[in-house]
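**Student:** This is the structure I want to talk about, given as structure tokens.
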């Protein structure tokens with residue numbers, strides 16, 4: 001969002017879902033803003049009144065690009081509006097924390113290049129996150145000219161789900177990228193997600209019609225991309241949609257994502273209902289409908305193994321998040337107890 005001119009709420013993606021959360025007092029005494037950039041120093045906000053910078057404060061809730069917030073008359077944070085959707089992952093590394101990627105997104109463009117980066121299991125991981133957030137996923141395949149197996153790879157992605165939208169585009173060609181326009185109508189918010197170097201920033205620039213995002217090349221030795229986007233930000237394209245370009249992710253672990261995994265691998269869970277034993281582990285048990293599907297070629301063994309992997313990952317991370325929340329809750333109780341004892345001592349004296 002590089003223009004200094006104010007935007008209407010409709011242009012910023014305002015919907016009845018958010019309007020229903022406001023009171024008459026909110027309309028009269030607050031400014032409705034959307035977070036369009038998130039930096040270490042704070043948030044960049046856009047509203048009908050213009051642009052604002054909001055410093056990060058420990059008393060604020062965790063926020064990110066896409067959030068709607070209310071500011072008071074002094075342009076200080078007042079309230080975060082409930083989110084319509086929330087993209088998140090487990091924070092990278094050993095840290096036990098959930099990291100917000102973007103919020104209030106209508107469509108998630110899962111970008112994957114058809115070179116050595118192509119990985120069906122990674123696409124399934126992204127699909128699980130999108131479905132958990134109730135966001136429409138669209139798989140965007142780039143760099144088909146670099147792969148002799150492009151057509152085969154495109155078919156493999158299409159076979160992941162009969163209802164999955166898959167578009168193969170040349171990220172540098174506006175005519176080719178026009179295939180994404182049905183999801184880029186005025187007031188809609190779309191986000192790009194994918195590994196470094198797959199073409200997210202190039203796609204953003206092509207949709208914008210200008211070189212707004214820096215782009216980087218691919219290392220020839222391993223086809224790995226270089227980080228070019230280092231912070232999440234919102235851009236408005238000529239068609240009126242808002243685009244969130246996210247940094248490339250070398251690590252994407254699931255947080256609490258059981259519903260998303262179930263939806264992504266729905267056919268496996270349907271098959272499991274026909275196993276002879278209710279507690280079937282889908283390994284070597286007799287009468288296993290899942291293993292039978294693998295034997296007759298209607299289910300990939302790779303897909304089943306990835307299903308198991310994502311189930312284990314999300315179950316472990318969900319339990320660690322729950323333990324952390326319980327610890328924080330206990331610390332809060334202890335703090336309130338100590339404060340209560342201090343107050344009693346004061347009244348005694």
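Each residue's number is its place along the chain shown, starting with 1.
Cβ atoms are placed via backbone N, Cα and C, with glycine included.
Quick paste of what Swiss-Prot says about this protein:
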DOMAIN    97-252  domain 'CP-type G'
BINDING   142, 143, 144, 145, 194, 195, 196, 197, 198, 199, 200, 201, 202  GTP binding site
BINDING   275, 280, 282, 288  Zn(2+) binding site
**Student:** Within the chain of residue 280 (Zn(2+) binding site), which residues six or more apart in sequence place their C-beta under 8 angstroms from its C-beta?
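**Tutor:** Non-local contacts for residue 280 (Zn(2+) binding site): 272, 287, 288, 290.
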**Student:** When a 10 Å sphere is centred on the Cβ of residue 275 (Zn(2+) binding site), how many other Cβ atoms does it contain?
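**Tutor:** Result for residue 275 (Zn(2+) binding site): 19 neighbouring Cβ atoms inside 10 Å.
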**Student:** Cβ neighbours within 10 Å, counted over all protein chains: which one of the binding-site residues 144, 198, 288 has the most?
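**Tutor:** It comes out as 198.
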**Student:** Other than 275, 280, 282, 288 themselves, what residues in this chain have Cβ atoms within 8 Å of the centroid of the Zn(2+) site's Cβ atoms?
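**Tutor:** Checked against the 8 Å cutoff, the neighbours are 272, 276, 277, 281, 283, 285, 287, 289, 290, 291.
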**Student:** Give me the CA-CA distance between residue 196 (GTP binding site) and residue 275 (Zn(2+) binding site), in Å, as a whole number.
**Tutor:** 41
**Student:** With DSSP assignments reduced to helix, strand and coil, which class does residue 196 (GTP binding site) get?
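**Tutor:** Note: residue 196 (GTP binding site) is coil by DSSP, not helix or strand.
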**Student:** Tell me, by DSSP, whether residue 202 (GTP binding site) is helix, strand or coil?
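**Tutor:** SS state of residue 202 (GTP binding site) = helix.
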**Student:** Please give the greatest C-alpha separation between any two of the GTP-binding residues 142, 143, 144, 145, 194, 195, 196, 197, 198, 199, 200, 201, 202, in angstrom, as a whole number.
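**Tutor:** Greatest Cα-Cα span of the listed binding residues: 19 Å.
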**Student:** What does DSSP call residue 144 (GTP binding site) in the simple three-state scheme?
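**Tutor:** DSSP call for residue 144 (GTP binding site): helix.
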